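Quick look at what Swiss-Prot annotates:
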ACT_SITE  160  active site, proton acceptor
BINDING   17, 18, 19, 20  substrate binding site
BINDING   57, 110, 111, 112, 113, 114, 115, 116  ATP binding site
BINDING   116, 148  Mg(2+) binding site
SITE      11  site 'Transition state stabilizer'
């Protein structure tokens with residue numbers, strides 16, 4: 001083996017986001033509906049013979065070089081890479097490795113498409129391919145969750161890791177003790193195509209740290225109104241799944257708008273004046289409804305719109321500071337290959 005590559009899809013959170021956080025799902029059970037899209041985290045892993053470890057993330061202007069050893073301490077520089085390496089050595093190889101790891105994303109960090117978790121999945125998959133580790137979808141996702149949420153202590157849920165490994169449209173169930181059931185949905189091709197025709201994905205040019213927003217949400221779950229809103233969001237995931245199977249796009253749009261309102265009840269920091277202005281602009285130009293993807297407060301927003309009015313909405317959004325992002329829904333999760 002000289003080179004391993006992986007391509008890992010990002011995801012759109014359609015409904016139920018936030019109910020996959022352990023503080024909620026351990027007690028109430030969480031339901032999430034999401035779908036992977038044709039935007040990716042790209043990873044290349046190259047075996048070295050000189051006893052060096054190199055981490056290279058050009059899209060974040062980050063580069064680190066170390067002597068190979070069994071444990072790399074966190075120092076604020078690409079700690080997520082080091083934590084993955086530490087777990088691979090601890091759990092599998094029991095000895096240090098020498099390699100170069102290069103990654104980049106199709107979208108900016110803090111975009112709300114599950115980028116950090118998708119990155120972890122892609123890197124784990126690269127190591128699994130290199131070392132012939134017997135890791136299936138559930139094992140990769142669970143390991144990615146443990147690295148990000150437990151080893152690094154980054155607050156957040158589990159949907160992103162499972163979306164990245166399984167790919168496609170999925171209805172996910174989250175229970176206590178990190179138990180997750182992923183239900184792949186057999187959505188007809190024409191329904192997925194129509195959903196694409198009715199969706200506009202817009203990057204607001206506002207990036208944010210999801211962990212800060214999720215931390216704020218955690219503190220609000222003791223509030224009765226916030227908890228009721230979380231319960232409502234969970235039910236929205238069930239209702240949206242059913243509407244998707246029926247190709248009931250009107251109901252899909254209604255649920256999306258309702259979920260956005262509930263999301264703002266849970267935490268007031270998920271929106272701001274600029275996002276509200278963009279939302280109103282979208283509605284004024286033909287959108288039925290919309291919401292942010294992910295934790296909120298910035299990143300990508302997506303809107304449901306009548307396809308005959310889609311161009312007008314795109315034209316209006318292109319006059320703003322962000323950009324409209326083309327995409328399609330994908331059926332595959334993380335994939336790897338050797339060259």
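In case you wondered, yes, glycine gets a Cβ from its N, Cα and C as well.
The shown structure was predicted, so the numbers you read here are calculated from the model rather than taken from an experiment.
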Distance check, please: Cα of residue 57 (ATP binding site) against Cα of residue 19 (substrate binding site), rounded to an integer number of angstrom. 31
Distance [Cα-Cα, Å, rounded] between residue 111 (ATP binding site) and residue 11 (site 'Transition state stabilizer'): 11
So which one is it: of the binding-site residues 18, 115, which has the fewest other Cβ atoms within 10 Å? 115
Residue 114 (ATP binding site), number of other Cβ atoms within 10 Å: 30
Given residue 11 (site 'Transition state stabilizer') and the residue listed as 'active site, proton acceptor', what distance in Å do their CA atoms have, once rounded to a whole number? 7
For residue 115 (ATP binding site), find which of the recorded positions 18, 19, 20, 160 come within 10 Å, Cα to Cα. 160
Candidates 19, 114, 116, namely the binding-site residues, that fall within 10 Å of residue 148 (Mg(2+) binding site) by Cα distance: 116
Express the distance between the Cα positions of residue 114 (ATP binding site) and residue 17 (substrate binding site) as a whole number of Å. 11
Longest CA-CA distance among 57, 110, 111, 112, 113, 114, 115, 116, per record bound to ATP, angstrom: 19
Drop a 10 Å sphere on every Cβ of the binding-site residues 17, 110, 112 and tell me which sphere holds the fewest other Cβ atoms. 110
Looking at the binding-site residues 57, 111, 116, which sits with the largest number of other Cβ atoms within 10 Å of its Cβ? 111
